[in-house]
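A quick write-up on the structure given underneath.
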Amino acid sequence: MATLPALSTGFNGSSNSVGTSNHGNWQHDLLVKLLVRDRREKAFTDFVESYNSLVQKLGKFADQTGALESTARSLREENANLSKEVETLRDQGSPLNQKRTAELEQQIYELKEERANLYKTQGQNAQRLVDLNDVLRKSEDTTKKNNEEIQQLTEANTGLLKKVESHTNSLREKDGTIQILQDELATLQLELVKTEERMKDLEKENSQLLQRWLKKMNDEVEKMNEANLFIESGVVIVEKEHIMSEPATISTIRPRGKSVGPVTIPVAAFKKFTAHDGEIQAINCSTDGNLFATGSSDKTIKVFDAKTGNLKQTLSGSLQSVMHLSFNNTNDMIAGASNDNSTRIWDLRTARIWHTLTGHIGKVYSARFNGDSTRLITGSHDRTIKVFDLNKGYCIKTIFCFSSCNDVVLLDESGSTLASGHLDNNLRFWDVRSGKDIKELTGIHLGQITSVAVSPDGSKVMTNSRDNTIKLVDLRTYEVVQTLHADGYKNGTNWSRACYSPDGRYVAAGSIDGTIYYWNLFKSRLEKTLKEHSAPICGVAWSPQGGQVFSADKDRTVCIWASGLR
């Protein structure tokens, strides 16, 4: 019988040593899992050794069986020979032969007994062999399962090793990034120290200049107070006489620093046209009244001739809607505040972008030039007001105003003081030099302020609000001195712009139903309403020449209003 081959017990489990690390506990967990795996593999060794022992015993039994079978064959041959001799002796029939026959028969009987014992032993050996084969088969099945489990554990171990390598590489990259950031932080800290030193020097210098300026201003104030008392008393008398005389359409009050033509409330729209491919968000007039411009969600600004309404220029470059427009005093530049968090300035002589001013992280809703066009002030929904130096092209001052800014205006030509209207319904006044608020008026409106404007004489600030009222605030007392409202007037957008007439006698504002409302400030009453629009009006601009008003709605329509049809 062929012997079964012995299984090899030399299983080499790969026990990779995992170094400890201060980056976490995953190395320790992996080491524990590897130790558990080794304990499982050592348990398989006992099965293999038991299997080999059974194979060896089986081989010995097979050898014994072969020897017994060989002995049995010899005995059968000898028995056959003896049987022949017995037959021969029987045939001869001699007493000696009979004796010999009896002996041979006795030997045959003994041989048969011995053969029976051999058969019995052979049967026992065969049964043991069957039992051993069953044990061997079970051992092979167990070994197969163990090998499959070993393969699965090996694959899992390989995957864990790859993860270990990946985590190690990731940690190495993060260490490098941390080192770079630490170097940058050190550089920024050094730069901050230098900037703080420079700021201290500038603050010291500013304090000295401020003291000198205050001393000079105090001297000037003392001289001006006496003159103001005399002038104010005269102005009161003139205003009373003017109100009593009540000129119907023409005002004689002139804004400081600008020549004003006869101011009349328009009678009708002499031109109405579609100006853009998208909603119009802003409209404004040049300071000389010869041009007006519109900004749209189609990302363009269009400049029109104020007298004919003909398109003169199309300015492109904005990445999102243009929300506010502002001409400079010389009317050779226009600023457009955009929802793409930036403000662009176009040179109207070349129709090209002169500056792209960035720095806000929210939509920019307002942009204003100072008197000499050296600075631009912007208000944004990122809750900041920024001052840009146009000679350098970057921000030189950031004022944190704590609420989204819908509009900002300059209270003087230099832009050293500002007024801003906000999403939280409040009106705030700012000192640009210090970056601090001068005054905050809370509770003057029940809805967010959508626009702010300074009266032509510089004495009042007008606010337009989503609570459907317009209020006038005295800049000397910071108190509301006049509230304008009317049945049917509803502010239609969060950026709707109201405006003063050039002489400061009237206020015009557009409503959600497309109607323009005109209030007489001297009489504190609604003077007139005109309607040509069919959509919410986003802005109204009154020409400095006095006889024209420009309006735009969200349905892309522009109307040019005049005191008489043309």
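Numbering starts at 1 and runs along the chain as it is shown here.
Placed from the backbone N, Cα and C atoms, the Cβ positions cover glycine too.
Heads up, TrEMBL stuff is auto-annotated, nobody curated it.
Annotation source TrEMBL lists region 'Disordered' at 1-22.
The compositional bias 'Polar residues' feature in TrEMBL is assigned to 9-22.
TrEMBL lists 30-225 with the feature domain 'Autophagy-related protein 16'. For the domain 'Autophagy-related protein 16' (30-225), the model's pLDDT averages out at 83.
Sequence annotations record features per position, and here TrEMBL assigns coiled coil to 65-212.
Sorting each residue of the repeat 'WD' (273-314) by its DSSP state yields 0 helix, 24 strand, 18 coil. Positions annotated as repeat 'WD' by TrEMBL: 273-314 (among others).
As annotated by TrEMBL, repeat 'WD' applies to 315-356 (among others).
With a threshold of 8 Å between CB atoms, the same-chain residues lying at least 6 positions outside the repeat 'WD' (357-398) that come near it are 323-330, 333, 335-339, 341-345, 404-410, 413-415, 418, 420, 423, 430, 432, 435, 495. Per TrEMBL, the feature repeat 'WD' maps to 357-398 (among others).
TrEMBL lists 409-440 (among others) with the feature repeat 'WD'. Assigned with DSSP, the residues of the repeat 'WD' (409-440) fall into helix, strand and coil as follows: 0 helix, 18 strand, 14 coil.
For the repeat 'WD' (442-483), same-chain residues at least 6 beyond its ends with a Cβ under 8 Å from one of its own Cβ atoms are 253-256, 258, 260, 406-412, 419-427, 429, 489-491, 493-500, 502-504, 507, 509, 519, 521, 524. If you look up TrEMBL, you'll see 442-483 (among others) marked as repeat 'WD'.
Taken from TrEMBL, the feature repeat 'WD' applies to 500-529 (among others).
With a cut-off of 8 Å between Cβ atoms, the residues of this chain six or more beyond the repeat 'WD' (530-561) that come close are 258, 260-264, 266-285, 287-289, 292, 294, 296, 304, 306, 309, 492-493, 495-503, 506, 508-516, 518. Taken from TrEMBL, the feature repeat 'WD' covers 530-561 (among others).
With a cut-off of 8 Å between Cβ atoms, the residues of this chain six or more beyond the repeat 'WD' (273-314) that come close are 258, 261, 320-329, 331, 334, 336, 346, 348, 351, 495, 497, 538-545, 548, 550-558, 560.
Secondary structure of the repeat 'WD' (530-561) per DSSP (helix as H, G, I; strand as E, B; remaining residues coil): 0 helix, 19 strand, 13 coil. According to DSSP, the secondary structure content of the repeat 'WD' (315-356) in residues is 0 helix, 24 strand, 18 coil.
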